[in-house]
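Engineer: Okay, so TrEMBL annotates it like this:
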type     : residues              : note
BINDING  : 39, 88, 192, 193, 194 : FAD binding site
COMPBIAS : 247-259               : compositional bias 'Pro residues'
DOMAIN   : 88-214                : domain 'Cryptochrome/DNA photolyase FAD-binding'
REGION   : 239-259               : region 'Disordered'
Ligand SMILES: Cc1cc2nc3c(=O)[nH]c(=O)nc-3n(C[C@H](O)[C@H](O)[C@H](O)COP(=O)(O)OP(=O)(O)OC[C@H]3O[C@@H](n4cnc5c(N)ncnc54)[C@H](O)[C@@H]3O)c2cc1C
């Protein structure tokens, strides 16, 4: 399978990841024949940016729900038995698991942001730290592999999962840099930048997600899975958890909102869910659609410019698609704006906004603000939880290995396999 721009590290992100649902579907369908035993055997290999046939590279699209997890798994199961595609399906469920885990412990995202702010203040005053971080981010450490991954991330907005693990491990245990600054470097450059997968992935490497467990990158493992391209010297030979911390206990999930009574509504789509399709309750007449590219202007935005441009283009694509599908009064918003929504509701004669539920992160925060303002105007904003999340999130109470035992049941409940 060839991918546009796949032949060079310097392929810009919009060449490597054309921002459209059509491209997401094309890529998914192109990859799915490889999602069986071949994926299970080869997925951990990072043979270089031009050789990525062993992984799907669909995460930037799933992250913004241009395609949904359900669509990815359903398409996979058209080609493979659940057993043959077990590994690939499990990986898709890792995303769901991390989301559910964070949803039940939202304070972990808040404390990441607080710790990051403190480390950023140190950067402003501590030259040695700031020089080390600059060298690491610019790929100037001299550590084989690490420097290329730093450049690849900045140039393409994507890294292979194993490279993310090696990079994070070297950042934390060899360079001994604060994990939050590394997580922030990822969030500022990844097109799939995601509060749950990124924060919890970094915490897992650093030993604060699973007590007593860290991830140590070794020269042998890197050489083996990079086809011998790298065998870095001088890597940390031990990896103790950066601190002893027991992860917080889960708090029960907020009950999902009830769909509105039959009647007219405005559909609001946003960067955490640009699909919206299956969420429209029966009897709801969509009179207008708004698609927001970013969060609320008063809420800190932790992602980078490349992800912003990517989402902006995905929003433009969604707007065109919705118009083609005959949706009425489709409008694009640069950011979540109570005022713009109020006007659009007024023009459409509706007092209800329905929107996909935003998981922990800046869009959820922005939706809270917009909801508060609109409620004073008599307009209700209802965040609807997808069935996929509703069924899976409550199981993210412990580790992934307990969660994954639920996968067959979740596939049945989602109507993807028979009993
Ligand atoms: C330190 C670190 C940071 C990460 N940050 C992010 C992030 O910000 N955003 C993000 O989407 N993923 C993140 N991941 C997870 C993973 O690396 C990417 O989802 C994956 O590399 C995407 O590439 P792919 O689509 O080719 O994956 P494939 O191997 O083809 O996997 C298929 C799908 O499964 C899901 N998936 C696979 N591995 C993981 C995983 N470890 N965790 C969660 N979901 C997974 C993704 O949706 C992916 O698209 C991070 C992992 C680590 C170790």
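Counting begins at 1 with the first residue displayed.
Cβ coordinates are placed from backbone N, Cα and C, and glycine is handled just like the others.
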Engineer: Which one of these binding-site residues has the most other Cβ atoms within 10 Å of its own Cβ: 192, 194?
Structural biologist: 194
Engineer: Give me the non-local Cβ neighbours of residue 39 (FAD binding site): same chain, 6+ apart in sequence, Cβ-Cβ under 8 Å, ordered along the sequence.
Structural biologist: 54, 55, 85, 87, 88
Engineer: Taking only same-chain residues 6+ apart in sequence, whose CB is under 8 Å from that of residue 193 (FAD binding site), what do you get?
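Structural biologist: Set apart from residue 193 (FAD binding site) by at least 6 residues yet with Cβ under 8 Å, we have 63, 186, 187, 302, 303, 304, 307.
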Engineer: Look up residue 193 (FAD binding site) in the DSSP assignment and report helix, strand or coil.
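Structural biologist: Note: residue 193 (FAD binding site) is coil by DSSP, not helix or strand.
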Engineer: Using DSSP, what is the helix/strand/coil residue split across the compositional bias 'Pro residues' (247-259)?
Structural biologist: 0 helix, 0 strand, 13 coil
Engineer: What's the number of neighbouring CB atoms sitting within 10 A of the CB on residue 88 (FAD binding site)?
Structural biologist: 24
Engineer: Please list the DSSP helix, strand and coil residue counts for the domain 'Cryptochrome/DNA photolyase FAD-binding' (88-214).
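Structural biologist: Helix/strand/coil tally for the domain 'Cryptochrome/DNA photolyase FAD-binding' (88-214): 95 helix, 0 strand, 32 coil.
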Engineer: Between any two of 39, 88, 192, 193, 194, the residues recorded as binding FAD, what is the biggest Cα to Cα distance in Å?
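Structural biologist: Largest Cα to Cα distance for the FAD-binding set is 23 Å.
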Engineer: Work out the three-state DSSP category of residue 39 (FAD binding site).
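Structural biologist: In the DSSP reduction, residue 39 (FAD binding site) maps to helix.
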Engineer: Mind looking up the mean pLDDT for the domain 'Cryptochrome/DNA photolyase FAD-binding' (88-214) in the predicted model?
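Structural biologist: Overall, the domain 'Cryptochrome/DNA photolyase FAD-binding' (88-214) comes to a mean pLDDT of 97.
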